[in-house]
Amino acid sequence: MSRPLWQDGPAVAPDRQRAHRRLAGLVLLLASLACLAAASLMLGNRPLPEAVLWQALWQPGDDLASTIVWQFRLPRTALAVVVGCALGVAGALMQALNRNPLADPGLLGIHAGASLAVVLAMSVLGLRAPATLALFALAGAAAGSLGVQLLAGRAPPGQRRVRLLLAGTALSACLASATAMVTLFDVQTFDAYRFWIVGSLEGRGLDVLGTTGPLVVLGVLLALSQAHALDALGLGDDMGQALGQRLWRVRAVGHAAVVLLCGAATAAAGPIGFIGLVVPHLVRLIVGPHWRWIMAYALLAGPVLVLGADVLGRLIARPDEIEAGIVSALLGAPVLLVLVRRTTGGAR
C-alpha cells in the first residue's frame, strides 16, 4: 500500500532530527552562559555565597556585597557577554566574506588602529577615563579599517580577498610601529597602555557598556541580515551572482558589520585575540557549513568563551587575576596551530 502524500518522507525525519539537535545545542550554550554569568558574579577577590548574591541582586542596599555586585561584577559580566557576542559574530563574518578559515578581524587593521588612537589620546590629551578611551578606540578602529580598504583599492573579484589581507597586514605593522614609538618615549602612557592592550574586562563601568553596546546590537543585526546571502557566497562569486545575490552589497554590509563589532569590542575591552578565530571553527563542528546556524551559535559561543576566560583568569591566580585576553591567547594559540596544520595539510 502506498504512503499517503501528507506523511513525511524518509528525508524529512533526518532534517527534523538535525534541527532538533541544533536547537538543543543552542539551549545548552544558553545554559552554559547562565552558569558562567552566575560564577562571574560570585567569584573574585571576595567570593560571595549564593544567598548573599541573591539578596544583593534582588534587594540591593548600602552593604558591601551590593556595592561589589552592582558597581563591579555586574557591569563586568554584561560587558563580557557583549564583547563575546561581537567577537564571535565578527569572526564568523570575516571567514565567510573572505572564504578563509584563518581570517581574523585583526587583519582589517581594526586592532592596530584602535591601539594607536588610544595611545595618542593618553599621550597627547592625557585622557585616562575608560569611556572616553573607548570613543577614541572606536574612531581609530574605523580609521584603520578604512585605510585597509583604500590600500586594497579596486581589484578583480578573485584578487580582492588577497589584497585586503596583504593591505591589512602591512597597515597593521605600520600602526603597531607608530604605537611602539609613542609608548617608548612616554613612560606614563606605556604604563596605562599595557593594561589596556592585554584585553581586560576589569574596571569597566556601565558608561563603557552604554557607549559600545548599541553599536554591537547594530553590527549583529547587520550580520544576521546577510546570513542567507553568505550561504550563496560560499559557493563562489559566479554561483552567488547566478543565485541573485548582489555580491558588492553583501561584502559592503558585511565589512561594515565587522568594523562595528570589532571596533566596539576593542574599544570596550582592548584587543582580545583568538575568540573571533576559534568560535567559527568550533561552531562548524556542530552545525556544518550553514551560516544562519553558525551566526546563531556564534552569538552564544563567543560570550561563553570570553566569560569563561575571564572567570578562569580569576580562579587560577587567586587572590590576583589574569586578564581575559591573556587567558584566551593561552587557550587559542594551540587551536591556531592545529588549524594551520590542517589547512596546510589539506593544500598539499
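Including glycine, each Cβ sits where the backbone N, Cα and C put it.
TrEMBL annotations:
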- 23-43: transmembrane segment (TRANSMEM)
- 77-94: transmembrane segment (TRANSMEM)
- 106-127: transmembrane segment (TRANSMEM)
- 133-152: transmembrane segment (TRANSMEM)
- 164-185: transmembrane segment (TRANSMEM)
- 215-235: transmembrane segment (TRANSMEM)
- 256-279: transmembrane segment (TRANSMEM)
- 291-312: transmembrane segment (TRANSMEM)
- 324-340: transmembrane segment (TRANSMEM)
If contact means at least 3 Cβ pairs within less than 8 Å, sequence distance 6 or more, would you call the transmembrane segment (23-43) and the transmembrane segment (291-312) in contact?
yes
Same-chain residues at least 6 beyond the ends of the transmembrane segment (164-185) with CB under 8 Å of its CB atoms are 98, 100, 103, 106-109, 111-113, 115-116, 119-120, 123, 144, 147-149, 151-152, 193
Stretch with greatest number of CB pairs under 8 Å, the transmembrane segment (77-94) reference, 106-127, 133-152, 215-235, 256-279 candidates:
256-279
